[in-house]
Amino acid sequence: MTARNSLTIVLAAGEGTRMRSSLPKVLNPVAGRSLLAHVLSAAPHGERDRLAVVIGPDHQAVGDEAKRVRSDAAIHIQAQRLGTAHAVLAAREAIAQGADDLLIAFGDTPLISAETFARLREPLHDGSSLVVLGFRAADPTGYGRLVVQDGKLTAIREQADASADELKITLCNAGVMAIDGKIALDVLDKIGNANAKGEYYLTDAVGIVRDLGLTASVIETSEDEVRGINTKAQLAEAETVMQTRLRLAAMAAGVTLIAPETVYLAADTTFGKDVVIEPFVVIGPGVSIADGAVIHSFSHLTEAKIGSKAQVGPYARLRPGTSLGDGAKIGNFVETKAAQIDAGAKVNHLTYIGDAHIGASANIGAGTITCNYDGFDKHKTEIGAGAFIGSNSSLVAPVKIGTGAYVGSGSVITKDVPDGALAVERNVQTAKDGWAKRFRDAKSRHRKPKAH
């Protein structure tokens, strides 16, 4: 049997005024990924699946994000915001191309899963013409109720229109829907706007399908999974749910989180085996951590690659472009950016390494700074394998420190250092006998008496 194809339409044209943000609502992040990106990543994306995203006329950034996440996404503009059904029909061209299953979702529900999208399609394969995603609300106030009889969906009843018995229903409408592609346009075109707001509501599709003598049904998911994000408070709630998911998944994969509730992960964080994450670690997007690595407390990592049995922190900041080789060590109060640090190299404390390549087993002393920026451009520092950089050294890029070379403590290095050489740049130390006493005596003579 040939697999059914699908078209998923993601509605992302909302203004999001309650977010009180200049950023379009669906671009706000949860676990380092935009709300929209979470939904697009969960939507079907096989060879026989298509994707359309409906955006507002003034939200080009939303379209750009959709294309970044899913290059196959077709972007459609809802010129006027006249309701959910009107938004779906903004993608009329995509619907008209045909699909076995039409899925409709919202760009502000980041917790929806690929598994739920798959389950939403199953009743269409078994004779239903329309499927609505529902959830059991802890407090159903304000939600549309799903009225079910004999296992079939008979109506979506908004709270203002619900009877006393219907108000007791806790099964609520999540807004996500699947429609048989053969009837989708016919059903959508029959939706009218004879209501107080003059808008076209997708929920009216249930009655239209039943009037056609066809079957509508419901599948259920958790309330968490269909949380819509309209305020910063709801954004924080979604972050909490997502972080719990990510932590549980990490621990199930063999990661040791010593205090899970204090560790923050990104949606794309990847781990090897036997990784240990100590309390109060923040991992941003683009981080991979290989087998046996340890991330000590109060470290912050973004777009960094951590090798096997490497160590980071405590109190380390790894910025984008950092790569640690196997067994490398980044210690306390070290910041790195665009830095390749090869196997076994050590940067133990109080150091900035930017735009640099540190060779295998090199040792970088406390207080070393790679001076990579001249006010206009960044420049690279190269430190050879086995090199030793003494404490409190400044390496003024562009500069190369040779294999096995030494740099004496306190040096300001502006020229390349050959392999195996020692480079020292200091003024001659002098000592002036008796100077301290003369200084104190002079200060005492000029000091004003203290007031009593």
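Cβ atoms here come from the backbone N, Cα and C positions, even for glycine.
The following features are taken from Swiss-Prot:
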- His349: active site, proton acceptor (ACT_SITE)
- 11-14, Lys25, Gln78, 83-84, Gly144, Glu158, Asn173, Asn230, Arg319, Lys337, Tyr352, Asn363: UDP-N-acetyl-alpha-D-glucosamine binding site (BINDING)
- Asp108, Asn230: Mg(2+) binding site (BINDING)
- Ala366, Asn372, Tyr373, Ser391, Ser409, Arg426: acetyl-CoA binding site (BINDING)
- 1-232: region 'Pyrophosphorylase' (REGION)
- 233-253: region 'Linker' (REGION)
- 254-452: region 'N-acetyltransferase' (REGION)
Which of Tyr352, Tyr373 (the binding-site residues) has the most other Cβ atoms within 10 Å? Tyr352
Recorded positions compared (Lys25, Arg319, His349, Arg426) - the one with the fewest other Cβ atoms within 10 Å: Arg426
Other C-beta atoms that fall within 10 angstroms of the C-beta of Ser409 (acetyl-CoA binding site): 15
At the Cα level, what's the spacing in Å between Lys25 (UDP-N-acetyl-alpha-D-glucosamine binding site) and Ala366 (acetyl-CoA binding site), rounded? 44
Under a three-state reduction of DSSP output, how is Lys25 (UDP-N-acetyl-alpha-D-glucosamine binding site) classified: helix, strand, or coil? helix
One should report the C-alpha separation between Asn372 (acetyl-CoA binding site) and Tyr352 (UDP-N-acetyl-alpha-D-glucosamine binding site), rounded to whole angstrom, as 10
Number of helical, extended and coil residues in the region 'Linker' (233-253), per DSSP: 20 helix, 0 strand, 1 coil
Just checking, which of Ala13, Ala366 (binding-site residues) has the fewest C-beta atoms within 10 Å of its C-beta? Ala366
Proximal residue to Ser391 (acetyl-CoA binding site) among binding-site residues Leu11, Ala13, Asp108, Asn173, Tyr352 (C-alpha distance): Tyr352
For Gly144 (UDP-N-acetyl-alpha-D-glucosamine binding site), the three-state class that DSSP assigns: coil
Span of the recorded acetyl-CoA site, as the biggest CA-CA distance among Ala366, Asn372, Tyr373, Ser391, Ser409, Arg426 in Å, is 23
